[in-house]
Amino acid sequence: MYSPSTLAGNRLFVYEVAGLNQNDNTDSLDYSIRQSGSVFFTVPYSRMNQEMRRITRLGGRIVSIKPFNGIAPVATVSSASTPQPIAQSSPVPEQTKKKAMTQAKEKTDIPVNIYRPNQPFIGKCIENYALVDEGGIGIVQHVTFDLSGSDLRYLEGQSIGIIPPGTDANGKPHKLRLYSIASTRHGDKLDDKTVSLCVRQLEYQHPETKETVYGVCSTHLCNVEVGADVAITGPVGKEMLLPGDEDATIIMMATGTGIAPFRAFLWRMFKEQHEDYKFKGLAWLIFGVPKTANILYQEELEKIAAEFPDNFRLTYAISREQQNPQGGRMYIQHRVAEHADEIWNLLQSPKTHAYMCGLKGMEDGIDDAISGAAAKNGADWSVYQKQLKKEHRWHVETY
Ligand SMILES: Cc1cc2nc3c(=O)[nH]c(=O)nc-3n(C[C@H](O)[C@H](O)[C@H](O)COP(=O)(O)OP(=O)(O)OC[C@H]3O[C@@H](n4cnc5c(N)ncnc54)[C@H](O)[C@@H]3O)c2cc1C
């Protein structure tokens, strides 16, 4: 299996910085430390934003950012002091920079079933890494497939089908399983040529034999090796699409791998640059997991929250570590109940969309939680929710 430490996480970049304030010792010197006036820092990819903020704080100006072994700069920063968010200054592939990421056309053109089960696209796995930290429960992997040579394209919020190899108990080829897409339409490499999934290995005890049973497709995906072929169908789904409105309020309620479509939303909102989609609204993720070690994509989520405090709110419900007001485990519905009045108020705006994704069991608890706030305002939640669904503002994908 592919190592959990990602290539991106290990990449190093050299920052050339001019105009840095020096320390007490060097400030007293009457000559510059380097003749060019620049200083150079080697920074891992994961710390790029932090380093940019530090440089700005010190009054520095980033002249260029090059890969550690780089020849050409991957970014040249012309503005004197404004730190650029990582999506702007990270090494965006050349073809992506040239290609405008238009949304208007794609909005009206929802791709579906480009590849059908009788003729799936065979993509190669190019990345497979663990998302659950040590001490966490179960196995969840982030898996990426190369779509080069295919016509497969998709939008945030859609799913793809995966056909596991081999045959079922009746000797018939396995049926496809659906997985929510965890990458934006541009893919994790921003070259429009990959698709990523967030897959939990299904594991349960056989009700009669009590033997441990592992799910066929989820086990196949969690163990797929880099370079291996995978049969892909789709895309499918129109329920979980993200509105094009840049001022929208997007409430996202996820449990476990239900984070997948929201990762795509958040990457589109905050990590990518688009000509015609510059998110200025409010995105609020309420994320339920059993333990801190199970917070999928934790580092990236918290980085977005730190960088965009006015536009992104991150709320966890960590069931085995936090308590609800009654002293029991803190599940997502308890967090929703805690914020129900606020959610209710937000839902009054036509610009608000609420999304729910993950375990099937989460729906009733969330309905109960919001119905209390609705009742306080003299409304019947089931009636109101129907209206929201009609307006395509209440989106549910549970499995
Ligand atoms: C729209 C959609 C999106 C989805 N997105 C994702 C995603 O992003 N990530 C993800 O990991 N999954 C996702 N799923 C679930 C995924 O499609 C598969 O259902 C899941 O991976 C299990 O498939 P499998 O082949 O591993 O299990 P299978 O081998 O097909 O086993 C599943 C079967 O095992 C039995 N079973 C399961 N649990 C128990 C139990 N506790 N006791 C007794 N029997 C049991 C049931 O008969 C069940 O039908 C999604 C599903 C849908 C419909």
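Cβ coordinates are placed from backbone N, Cα and C, and glycine is handled just like the others.
Caution: TrEMBL annotation is automatic and unverified by curators.
The domain 'CpcD-like' feature in TrEMBL is assigned to 10-68.
Feature annotation from TrEMBL assigns domain 'FAD-binding FR-type' to 118-242. Taken through DSSP, the domain 'FAD-binding FR-type' (118-242) splits into 8 helix, 50 strand, 67 coil.
Per TrEMBL, NADP(+) binding site is recorded for Ser180, Arg200, Thr257, Val289, Pro290, Ser319, Arg320, Gly358, Leu359, Glu397. Long-range neighbours of Ser180 (NADP(+) binding site) (same chain, six or more residues apart, CB within less than 8 Å of its CB): Gly157, Gln158, Ser159, Leu197, Cys198, Met240, Thr257, Gly258, Ala260, Pro261, Cys357, Glu397.
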Thr257 (NADP(+) binding site) - helix vs strand vs coil (DSSP): helix
Listed binding-site residues with Cβ under 6 Å from ligand 1, out of Ser180, Thr257, Pro290, Arg320: Ser180, Thr257
Taking residues Ser180, Arg200, Thr257, Val289, Pro290, Ser319, Arg320, Gly358, Leu359, Glu397, which bind NADP(+) in the record, the widest Cα spacing (Å, whole number): 26
Neighbour count (Cβ, 10 Å) for Pro290 (NADP(+) binding site): 20
The domain 'CpcD-like' (10-68) [mean pLDDT, rounded to integer]: 57
Count of other CB atoms lying within 10 Å of the CB belonging to Arg320 (NADP(+) binding site): 12
